[in-house]
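A.B. asks: So that we are looking at the same thing, I have put the structure below in structure tokens.
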Amino acid sequence: MATTKSFLILFFMILATTSSTCAKLEEMVTVLSIDGGGIKGIIPAIILEFLEGQLQEVDNNKDARLADYFDVIGGTSTGGLLTAMITTPNENNRPFAAAKDIVPFYFEHGPHIFNYSGSIFGPRYDGKYLLQVLQEKLGETRVHQALTEVAISSFDIKTNKPVIFTKSNLAKSPELDAKMYDICYSTAAAPIYFPPHHFVTHTSNGATYEFNLVDGGVATVGDPALLSLSVATRLAQEDPAFSSIKSLDYKQMLLLSLGTGTNSEFDKTYTAEEAAKWGPLRWMLAIQQMTNAASSYMTDYYISTVFQARHSQNNYLRVQENALNGTTTEMDDASEANMELLVQVGETLLKKPVSKDSPETYEEALKRFAKLLSDRKKLRANKASY
């Protein structure tokens, strides 16, 4: 319901936009959005590795990183973790992880993160290893230090409100300048799987703020693309570099949205006759998968409609596998065999057509996006030099 309301607000704002001028490439706002999905984050990690490799090839720069090209990078749950990995600075003020480092991260730490350690009356996993490895990797880095704008969602179960961590909102809400490891654990703390996360922040005036957070998917229903676009819109309105954007116009947005795969068309479907026999526990197990599959589809439908309404459909690319089956549908199967299957899913996805109406493959579309991102970066650098 919340997603539908957000879309309608965006849709009517866009229809009210009267500007018909073509966007200059250097003035476009670039957005990367990464879905949640636990260990299935391996799938978008494969896509990110390919894209970063293309950017390095186009610009002849092996040190090129995704954060150099996107104005906003947003994620929820495992997508929030990927967001942090590619935007958190190291000692040289460069992303501490290249895209090619993400899949090895899952293989090294996934089996320990998803190693049953809970109880029948509590979460499936105690989350201790996850928090420990996040602290080790992200250190004391805070939101304001991110190398580009970020949008990472969580949900506060004490205030019953979404919490969105962004750099651009810190002037108004300095309490949100939390440590990245706290944010990453919070956005990944999926109910049933991990315990909620409690932490406090302190502002410069001495005020203390308390957070009691769970998975960002509760706030964005797994797909943070609408959230990322909202943050990009605010950025466009506030950043002098985008002063030519007077109102919400998707002709001036370039959005890449990465999914973690769904099984909506194949495995784990049910009949009304089967579901009529379910009790509360059985429904609880099935409803999350149903909700995630439906929301992923509907968010893509909403955004596609909006971009098409502005004759800007080439500015939006959704990369999603809709035919997961077997163990690859599970967000917490971190066995080596399943992770290898997820790698294969990502690599195979690159060769698939973007849609049944277009012969263009995801690989070709990402190469096109890489060229646009590269050209835009060069144009903005030239403009800044004058």
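Just so it is clear, glycine is given a Cβ too, placed from its N, Cα and C backbone atoms.
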A.B. asks: Checking feature assignment: motif 'GXGXXG' per Swiss-Prot, candidates 36-41, 60-65, 258-263. Which range matches?
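C.D. replies: So the range that Swiss-Prot calls motif 'GXGXXG' is 36-41.
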A.B. asks: Which stretch, out of 75-79, 90-94, is listed as motif 'GXSXG' by Swiss-Prot?
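C.D. replies: Motif 'GXSXG', as annotated by Swiss-Prot, spans 75-79.
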A.B. asks: Out of Asn115, Asp215, Asn325, point to the one nearest Ser77 (active site, nucleophile) in space (Cα versus Cα); all of them are recorded positions in the record.
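C.D. replies: Checked the recorded positions Asn115, Asp215, Asn325; minimum Cα distance to Ser77 (active site, nucleophile) goes to Asp215.
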A.B. asks: Report the DSSP secondary-structure composition of the motif 'GXSXG' (75-79) as helix, strand and coil residue counts.
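C.D. replies: Once the DSSP states are binned, the motif 'GXSXG' (75-79) shows 2 helix, 1 strand, 2 coil.
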A.B. asks: Where does Asn325 (N-linked glycosylation site) sit by DSSP, helix, strand or coil?
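C.D. replies: For Asn325 (N-linked glycosylation site) - judged by DSSP and reduced to three states - the answer is coil.
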A.B. asks: Rounded to the nearest Å, what's the C-alpha distance separating Asp215 (active site, proton acceptor) and Asn115 (N-linked glycosylation site)? Just drop the number here, would you?
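C.D. replies: It is 19 Å, counting Cα to Cα.
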A.B. asks: What's the CA-CA gap between Asn325 (N-linked glycosylation site) and Asn115 (N-linked glycosylation site) in angstrom, rounded?
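C.D. replies: That separation, Cα to Cα, works out to 22 Å.
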